[in-house]
Amino acid sequence: MKIGVLALQGAVREHLTLLEKVGVEAVAVKKQEQLQDLDGLIFPGGESTTMGKLIRKYDLLEPIRDFYRQGKPLFGTCAGLILLANKIEDADEPHLAVMDMTVKRNAFGRQVDSFEAKLPIKGVAEDFHAVFIRAPLITHVGSEVEVLAEVNGEVVAARQGHILCASFHPELTDDARFHQFFVDMVREAVAMR
Ligand code: GLN
């Protein structure tokens with residue numbers, strides 16, 4: 001099993017380190033040719049507008065959508081979650097538009113730019129240390145989306161089939177349980193191919 005981390009911008013190394021910690025071969029992905037021998041792909045935190053532009057510039061938009069259509073799992077954290085959404089509030093165009101949800105960028109406002117919280121995450125942990133940095137919120141989910149975690153009644157982690165996302169940064173702690181959950185999704189998807 002081999003999992004890629006999209007490496008155009010953002011917190012790439014941290015994801016690679018956690019994947020290695022759970023014992024999975026992990027590679028930084030910059031080119032569409034690399035997608036062929038991957039079983040799953042992670043979109044890191046960073047700046048979603050910049051990443052969206054680079055995805056288009058390097059002709060990765062359709063290849064990543066194809067990757068998804070082949071049943072291969074995707075996992076986005078923070079800016080990576082924004083890339084996955086079908087709709088972004090106050091934006092004309094979404095990016096990959098593969099997950100049936102609406103997201104709001106920088107949703108916690110200037111006063112609380114960054115904060116940390118201990119969260120129960122369905123199927124993952126009862127006490128996950130979640131780090132939020134200028135985080136988005138999921139303001140609407142479609143019927144196929146399962147909510148995995150909330151903060152003050154607002155959705156911050158979710159799953160739709162073989163797509164997983166979190167508006168916080170599991171890659172910025174050394175707790176590998178969220179990554180382990182994704183790796184298990186990838187393992188199931190590989191077994192079904
Ligand atoms: N605010 C960033 C954006 O909207 C996301 C921040 C992050 O990934 N930590 O793209």
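Glycine is treated like the rest: Cβ placed from N, Cα and C.
Automatic, uncurated: that is what TrEMBL annotation is.
Cross-referencing Arg13, Arg105, Arg177, Arg187 against the L-glutamine binding annotation in TrEMBL, which names Gly46, Glu47, Ser48, Ile133, Arg134, picks out Arg105. Within the set of recorded positions Ser48, Ile133, Arg134, Glu171, Ser48, Ile133, Arg134 have a CB atom less than 6 Å from some atom of ligand 1. Annotation for the recorded positions Arg134, His169: lowest Cβ count within 10 Å of the residue's own Cβ, Arg134. The L-glutamine site, placed at the center of the C-beta atoms of Gly46, Glu47, Ser48, Arg105, Ile133, Arg134, has further neighbours from the same chain whose C-beta lies within 8 angstroms: Gly45, Cys78, Ala79, Ile82, Asn106, Ala135, Pro136. Take the CB of Arg105 (L-glutamine binding site) and look out to 10 A: across all protein chains shown you find 20 other CB atoms. Across the residues the record lists as binding L-glutamine (Gly46, Glu47, Ser48, Arg105, Ile133, Arg134), the two Cα atoms farthest apart are 13 Å from each other. For the recorded positions Cys78, Ile133, the largest tally of other C-beta atoms within 10 A is found at Cys78.
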